[in-house]
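Here is what TrEMBL says about this protein:
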DOMAIN    44-487  domain 'Major facilitator superfamily (MFS) profile'
TRANSMEM  42-69  transmembrane segment
TRANSMEM  84-104  transmembrane segment
TRANSMEM  111-132  transmembrane segment
TRANSMEM  138-159  transmembrane segment
TRANSMEM  199-220  transmembrane segment
TRANSMEM  289-307  transmembrane segment
TRANSMEM  327-345  transmembrane segment
TRANSMEM  357-380  transmembrane segment
TRANSMEM  392-410  transmembrane segment
TRANSMEM  431-453  transmembrane segment
TRANSMEM  465-483  transmembrane segment
Amino acid sequence: MGQSEFADEKLGSNHVEHVASEGQTLDSLDTIEQTQTGRYSWLVSITAAIGGMLFGYDTGIISAVLVYIGRDLGHTLSSNEKELITSVTSGAAFFGAIFAGATADKFGRKPAIYVGCVLFILGAILQAASFGLAQMTVGRLVVGFGVGSAAMIVPMYIAEVSPAKYRGRMIGLDNMSITGGQLVSYGIGAGFAKVAGGWRYMVGGGAIPAIILCCLLPFCPESPRQLIYHGKADQARVVIRSIYPHATDLQVDQKVQHITIHVQESKDLTAGKSQWWVLKQLYVIPGNFRALVCACGLMAISQLGGFNSLMYYSSTLFALVGFSNPVAVGTIIAGTNFFFTWVNLMLVDRIGRRRILLCTMQFMGLFLVVAAVAFHWIPVNHDLSLKAGTKVGPPAIIVLVSMVCYVGFYSSGMGNTAWLSSEFFPMEVRAMGTMMLTMTCWGSNVIVASTFLSQMENTTPSGAFGFYAAICILGWVAVWWCYPEVKGMTLEDIREVFAQPSFRGCVRRAREIQKEVKSHGMHAHVDPDTKLAVHV
């Protein structure tokens, strides 16, 4: 590096430090957030949220496929083979998320979304054309890579093209799209239930949202942060003008400067450091590690508590208890999930993350216990077949009602809140923290998807659901002890919360900050980045 280049870099760094040290000056560069926004950012966010359907549709459709695939792969699938073609997608998504997280800064957000779409289309074709277990497994593997990439990138992309005051709701569009995709998949599964080879149409139809997204994505811009990160400030200015159509030219220029400051600060913090070094900071710095444990711990509980076993195997489960059209019955579960996800989005910023978790998690455990007790009265063979002559009776109805209640409390509680925990991470490790959060999701997902049917066989359905109930109840205790409330806090406040010497101290400090805000009538400035962990 020449002397002039070094001087310029040093000057830029000093400028960032000067402006960042003046909180009021930095805030004054962001007055554009107070202007009226148009439809552009909503249309872009809705378009990107189609990516959420890739995950949602795949999660829901495999439930119907397992019921109707029969001997079309050459033989009747065993429980272990069903677990294989279900869990291999989650396993591939685990690595797809790592790939997307490692390349998103270098190549931008949109290329990673394109890659996810292409992989999903190829995977859907491979599945629909499968006549053997090996090809079906490969198709599920390819789909998994695409799902993992989309699940990692889409929320980050939406966060970076959203106005701060609508960012929470716009990110919520992705979660709504996931649950909406699950609901659509159950409807399609029920519609093709009586069609010969209908499962092929089910999995092949998964390519449709990916094709739609590929066609619409060229009309969406790259995120302004990524454009500035790669030295394309003029293009970023055009995008910002589209997002804030009523802003003045000065406000647009100030917004570019504001983003540039954050981008430069991020570069300075990690300059000359490898991604491995940044990842280690999550573990060697106590405050970062406490944030990691709280965020990833809640994510693990949200997956290991049994919800995804229900989404993957609900049709199998309801066929087990005697319902003649299990996919149609499973649609009730998907509809409940969709509705209560919306309820969470409306309440979580008003009630708070911690409170909504403490008001829902224990009821998840309660209704799982009810289902476990009801299964005791349903005559199920060791191979998960129903004993001859058994009809739908009160125990089966109780199982259905308890599952609907369980899903309602899950979706209105930690189903969406677990993803908001990414705001715990400081800016310099937020990208790696988000990657770890996503890896925790898919890693736990693999465990559940690959063991559910075997666990049902070996411990009986009552034992399996009792196990999930115990995780939910113990999770409630862990949240009460460790999980702080950060509603409305600034990034600096959240950093201070996790700087306390213990998890319980973090909870107490969070309460103190909340009381200070309330007693002094202060309105904390919510850093747009804390709505979701994004690269800046």
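Please read every residue number as a count from 1 along the shown chain.
Heads up, the Cβ atoms here are built off N, Cα and C, so glycines get one too.
Nobody curates TrEMBL annotations by hand; they come from automatic prediction.
The transmembrane segment (289-307) makes no contact with the transmembrane segment (138-159): fewer than 3 of their CB pairs lie within 8 A, with pairs spaced 6 or more apart in sequence. Using a cut-off of 8 Å between Cβ atoms, the transmembrane segment (138-159) and the transmembrane segment (42-69) share at least three residue pairs, counting only pairs 6 or more apart in sequence. Only residues 6 or more beyond the boundaries of the transmembrane segment (111-132), in the same chain, are considered here, and those with a CB under 8 A from a CB of the stretch are 48, 51, 54, 58, 72-74, 96, 100, 103-104, 138-150, 152-154, 157, 200-201, 203-207, 210-211, 213-214, 217. The recorded stretches the transmembrane segment (84-104) and the transmembrane segment (431-453) share 3+ CB pairs below 8 A when only pairs 6 or more apart in sequence are counted, and are therefore in contact. The recorded stretches the transmembrane segment (357-380) and the transmembrane segment (199-220) do not share 3+ CB pairs below 8 A when only pairs 6 or more apart in sequence are counted, and are therefore not in contact.
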